[in-house]
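Colleague: Reproduced below are the annotations present in TrEMBL:
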{"type": "REGION", "residues": "1-21", "note": "region 'Disordered'"}
{"type": "COMPBIAS", "residues": "12-21", "note": "compositional bias 'Basic and acidic residues'"}
{"type": "TRANSMEM", "residues": "55-81", "note": "transmembrane segment"}
Amino acid sequence: MRQSSNGPVKKSMREKAVERRNVNKEHNSNFKAGYIPIDEERLHKTGLRGRKGNLAICVIILLFILAVINLIITLVIWAVIRIGPNGCDSMEFHETGLLRFKQVSDMGVIRPLYKSTVGGRRNENLVITGNNQPIVFQQGTTKLSVEKNKTSITSDIGMQFFDPRTQNILFSTDYETHEFHLPSGVKSLNVQKASTERITSNATSDLNIKVDGRAIVRGNEGVFIMGKTIEFHMAGNMELKAENSIILNGTVMVNTTRLPSSSSGDQFGSGDWVRYKLCVCADGTLFKVPVTGQNMGCQISDNPCGNTH
């Protein structure tokens, strides 16, 4: 719109179009229009940068590792339990809490819950096999170990075997309530150490105590050995010790074939040997007398038998 002395003069349509074209052309050729130079370092940076970025990468790597481990565990469970379209092929879960294995299972340690039972199917044997290792059943301090050459049972609180049908006690270590008897069919008992009040056999059989090395029989208030015939067979020495006295009541026979003897030419008291004579009192008390000469008797000053020996 132009100005004149008479007032504003209106532009024609052609003039307006030419003016608009010139303005648009000027703006299109001016690339710096509206541009304000600003330092890039001063701008606000978006996204995860620096430590936050490193932490995000570590979290992503950790999630990836957990996903791989989860996949491996899932594949192992699928391979062991054999989960298929029809369910689990190797075991069954029942509403009563029963877990039934339908195939041969390979496992290391089984820990049943409180008052649980491990058994087999009816009319089928339960086979438990250890690959070159003993089979161990343990409950608290009681342990049953089945090995290739032996079966051992250890317990700090005792053990008891009974018939599940008749509930009759077959074997028990509760000596205060039940007297200890060997189970039927067991002929011998192998122990390293036994502590008991007495050891007896039945009236129709002998009581034999055999050891490979050394046997020690000790009693806090004495040791009493009674029987129709008592025999001691030893490859080495037999030693009898007592604080007060040793009493042999009955006929005592000593086989001297293996006892050492001196030649007739040796002198008594010569050399490193000290010789004793074994004497017995009328009440069965034994004592020794040092031999200092031939045809020596048992009369000594401190005779334990008194005047009669």
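Backbone N, Cα and C atoms are what each Cβ position is placed from, and that goes for glycine too.
So where do these features actually land, and what's packed around them?
Modeller: With a threshold of 8 Å between CB atoms, the same-chain residues lying at least 6 positions outside the transmembrane segment (55-81) that come near it are 48, 88-91.
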Colleague: Using DSSP, what is the helix/strand/coil residue split across the compositional bias 'Basic and acidic residues' (12-21)?
Modeller: 9 helix, 0 strand, 1 coil
